[in-house]
Every structure is written in C-alpha cells, then in structure tokens.
Amino acid sequence: MRLCDRDIEAWLDEGRLSINPRPPVERINGATVDVRLGNKFRTFRGHTAAFIDLSGPKDEVSAALDRVMSDEIVLDEGDAFYLHPGELALAVTFESVTLPPDLVGWLDGRSSLARLGLMVHVTAHRIDPGWSGCIVLEFYNSGKLPLALRPGMLIGALSFEPLSGPAARPYNRRQDAKYRDQQGAVASRIDKD
C-alpha cells in the first residue's frame with residue numbers, strides 16, 4: 001500500500017524519509033511528491049560504433065561506453081537542454097532523496113509531458129530501499145518536435161511504498177551499489193555487473 005499525502009508529510013517530519021530540499025506542501029499530492037529537473041545531463045556522442053556488446057569482456061564494455069557517452073553537461077540557470085525526437089539523454093532530479101530500509105520508491109512521469117512525447121524513465125523507475133542521492137532520469141523523446149527542458153521545471157512524481165519489513169540488503173549498504181550517493185547524470189555502469 002502506497003503512502004498517502006498525510007503519511008508522506010509524517011515520514012518527512014519524523015526524518016524517516018528525506019527529500020532535500022524539502023518540497024512545499026503544494027507539491028505533495030494525494031499519493032505523490034512532485035520533483036523538479038536538475039541541471040546535469042549526459043547524452044550519446046556522435047559515434048561510428050555499430051553496437052555495444054553488453055555481454056562482452058568488462059574492459060571492452062567499459063571502453064565502448066567511454067566512446068559513446070558524453071561528459072556530464074551542466075546547464076547554467078535559464079539555459080535549456082534540447083531533446084530531439086528519437087534521442088535518449090540522462091539527467092537527474094533537482095532533489096536528493098534518501099529512503100530508509102523499509103521503504104521503496106517509484107518514479108512516474110507527468111501525463112502532460114508524456115502527451116508531448118517525453119518519457120522520463122525508459123524502464124528503471126524503482127528506487128531501492130536504502131537509496132540516497134538524486135534520481136536519474138532516462139529521457140526519451142518519442143514525439144515529433146524537439147523539447148526544451150529547463151532546470152527547475154516539474155518533471156515527475158515520486159510515490160512510496162512501505163515494505164513488509166526492513167530490507168536485509170538496502171542499497172546504501174551493498175558493496176556492489178554502483179550508483180551510491182549519485183548527484184550527477186552518471187552514465188551506465190553495466191560493466192561493473
């Protein structure tokens with residue numbers, strides 16, 4: 001059962017759930033908290049690679065990712081990031097979120113943005129118990145026009161679901177946590193699997 005607005009506020013007040021900066025009451029809805037777009041992005045470079053062999057040797061996968069992923073792009077206040085039709089880009093939320101070991105989070109896009117062709121997550125919308133950091137956004141423009149995305153705009157909504165008990169292996173305590181304390185648009189670390 002997902003937390004309702006009253007419970008989200010109570011968990012924030014008690015410090016069991018942390019969203020920094022804390023959202024104003026107007027952004028805490030019936031069962032979600034609106035989140036904003038941060039200013040860090042990452043894209044695919046122009047490249048000539050025919051494919052990336054995701055099951056290949058780790059050093060080859062790592063080298064291929066280095067060739068195709070851009071450095072992190074940091075926008076200044078007022079600047080826009082243009083996502084063209086058919087393009088994938090990574091970004092992060094403005095807010096940093098910390099979940100306790102007995103709570104899982106879910107990221108959903110906004111219907112108003114989806115109606116323009118913007119997907120805010122390709123498949124990974126679960127936020128593991130014990131997570132701490134900004135939430136990665138996997139943007140895809142399935143529309144017909146470029147979309148101007150500006151830091152600070154409302155970009156998605158988080159909901160939270162209590163677990164039957166605390167996780168034995170919360171994300172922040174796992175030795176193999178590839179994205180622990182992520183603050184920027186971190187590229188895929190599939191080579192660390």
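The backbone N, Cα and C atoms fix where each Cβ goes, and this holds for glycine too.
Same-chain residues at least 6 positions away in sequence with a Cβ under 8 Å from that of Glu138 (active site, proton donor/acceptor) are, in sequence order, Leu88, Leu90, Met119, Val120, His121, Val122, Thr123, Ala124. If you look up Swiss-Prot, you'll see Glu138 marked as active site, proton donor/acceptor, on the strength of sequence analysis.
Listed in sequence order, the residues of the same chain lying 6 or more apart from Ala114 (dCTP binding site) and placing their CB within less than 8 Å of its CB: none are present. According to DSSP, Ala114 (dCTP binding site) is assigned to a helical segment. Annotation source Swiss-Prot lists dCTP binding site at Arg110, Ser111, Ser112, Leu113, Ala114, Arg115, Asp128, Val136, Leu137, Glu138, Tyr171, Lys178, Gln182.
The region 'Disordered' feature in Swiss-Prot is assigned to 169-193.
Highest local Cβ density among the binding-site residues Arg110, Leu137 belongs to Leu137, counted as other Cβ atoms within 10 Å over all protein chains shown.
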